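Peer 1: The structure is given below, and queries will be raised subsequently.
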Amino acid sequence: MIEHGNSTFDYRSIREVAANAGAGATAGAIAATFVCPLDVIKTRLQVLGLPEAPASGQRGGVIITSLKNIIKEEGYRGMYRGLSPTIIALLPNWAVYFSVYGKLKDVLQSSDGKLSIGSNMIAAAGAGAATSIATNPLWVVKTRLMTQGIRPGVVPYKSVMSAFSRICHEEGVRGLYSGILPSLAGVSHVAIQFPAYEKIKQYMAKMDNTSVENLSPGNVAIASSIAKVIASILTYPHEVIRAKLQEQGQIRNAETKYSGVIDCITKVFRSEGIPGLYRGCATNLLRTTPSAVITFTTYEMMLRFFRQVVPPETNRSDDRRREEERKNLVSRRGEEEDKDLGLRESQTQSNKISTPHIPLGSK
């Protein structure tokens, strides 16, 4: 602990935030790179619907057909459209999420250090809302870059900064926050995923007779995949609505198709029914499940690594405090011994003065 006047600066919280942010960003970047082609396909399915059916007429070839179309029309580079803003967005995304999530859990936990499911959901939702507001512009850019290759008559963005500049110039700040309402509605996803993930980890730790911090990577992978599937299925429709709203401003001088969230939901439901709200869900699960496994497993392992590399400041503070207490104790003991010695010497001198000398042989 570092003291400044009456205020106390908790270095441990800074260390934990840095460790969480570093581990999360590393894990997210690895996962994003691995599953980017599926992310491109999912985004295009959400915005444009199904690709042209293969000539063979076989069913179940949506992903393969989409990949072939992308490679044929845009090359292998097309499979990684939007990767740069995705990775750039993940850095503040995880930094904001885990720092806010950790702080809210500390605030909401009971006096005995336990966190109820309801409090965990509130913490996860609050962190999700803060993250959505902070990073929405980057996700808008990512969506535009992923879909621009298949929009006729669209002047393509040259880079991430080019996309930012043009969106601000042509649509204003509002364009960077298109789709923010369904994004905020999407906090229900993390409000389900994170509490479920932690409960599953606790169950597995209990079954293995170990602590949550010492779970094996395999158990972490299982817990993260189950939690992700549950949350994705329950909350997927908001992703479709968000993608449609984020993408529609890209076509110049085109009539706005959706006036808002409610209008978008109504039109999608009328034209496509419930399946329209789950368009791309299977692809999304194929993308998000391994992504969650990679992200959470890497995150947990990197977090343990960072905690080992950077020992808790509180431990060093405790060591210094114990050393100071030991020195003070030794000093006090020395002072007490000096006082005792002085007292004994004074008593000896007093005895010598007060005791008369009686010569031997006197009567």
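A Cβ is built for glycine as well, from the same backbone N, Cα and C atoms used for every other residue.
Copied straight from Swiss-Prot:
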| type | residues | note |
| --- | --- | --- |
| REPEAT | 15-107 | repeat 'Solcar 1' |
| TRANSMEM | 21-41 | transmembrane segment |
| TRANSMEM | 82-102 | transmembrane segment |
| REPEAT | 115-203 | repeat 'Solcar 2' |
| TRANSMEM | 121-141 | transmembrane segment |
| TRANSMEM | 176-196 | transmembrane segment |
| REPEAT | 215-305 | repeat 'Solcar 3' |
| TRANSMEM | 215-235 | transmembrane segment |
| TRANSMEM | 277-299 | transmembrane segment |
| REGION | 313-363 | region 'Disordered' |
| COMPBIAS | 315-343 | compositional bias 'Basic and acidic residues' |
| COMPBIAS | 345-354 | compositional bias 'Polar residues' |
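For each listed feature, how buried is it and what is near it?
Peer 2: Listed by sequence, the residues of this chain that lie at least six past the ends of the transmembrane segment (82-102) yet keep a Cβ under 8 A from its Cβ atoms are 16-17, 20-21, 24-25, 27-29, 32-33, 36, 39-40, 43, 123-124, 126-128, 130-131, 134-135, 138-139, 141-143, 145-146, 159-160, 163, 190, 194.
Long-range contacts of the transmembrane segment (176-196) within the same chain, counting only residues at least 6 positions beyond its ends with a Cβ under 8 Å from a Cβ of the stretch, are 97, 101, 117, 120-122, 124-129, 132-133, 136-137, 139-140, 143, 164, 167-168, 226-228, 230-232, 234-235, 238-239, 241-243, 245-246, 248-249, 260-261, 292.
Panel annotation: around the transmembrane segment (215-235), residues 186, 188-190, 192-194, 196-197, 200-201, 204-205, 208, 281, 284-285, 288-289, 292-293, 295-297, 300-301 of the same chain, lying at least six beyond its termini, place a Cβ under 8 Å from a Cβ of the stretch.
Beyond its flanks by at least six residues, the transmembrane segment (277-299) meets 23-24, 26-28, 30-32, 34-35, 38-39, 41-43, 45-46, 49-50, 62-63, 66, 193, 197, 217, 220-221, 223-225, 227-229, 232-233, 236-237, 239-241, 265, 268-269 of its own chain at Cβ-Cβ distances under 8 Å.
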Peer 1: Looking only at residues six or more beyond either end of the transmembrane segment (121-141), which have a C-beta under 8 A from one in the stretch?
Peer 2: 82, 85-86, 88-89, 92-93, 96-98, 100-101, 104-105, 108, 115, 157, 160, 163-164, 167, 175-180, 183-184, 186-195, 246
Peer 1: Per DSSP, what is the residue tally for the repeat 'Solcar 3' (215-305) in helix, strand and coil?
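Peer 2: Reading the DSSP string over the repeat 'Solcar 3' (215-305) gives 74 helix, 0 strand, 17 coil.
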Peer 1: Can you count helix, strand and coil residues in the repeat 'Solcar 1' (15-107) using DSSP?
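Peer 2: Here the numbers are 77 helix, 0 strand, 16 coil.
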Peer 1: Write out how many residues of the repeat 'Solcar 2' (115-203) are helix, how many strand and how many coil, based on DSSP.
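Peer 2: Tallying H, G and I as helix, E and B as strand, the rest coil: 73 helix, 0 strand, 16 coil.
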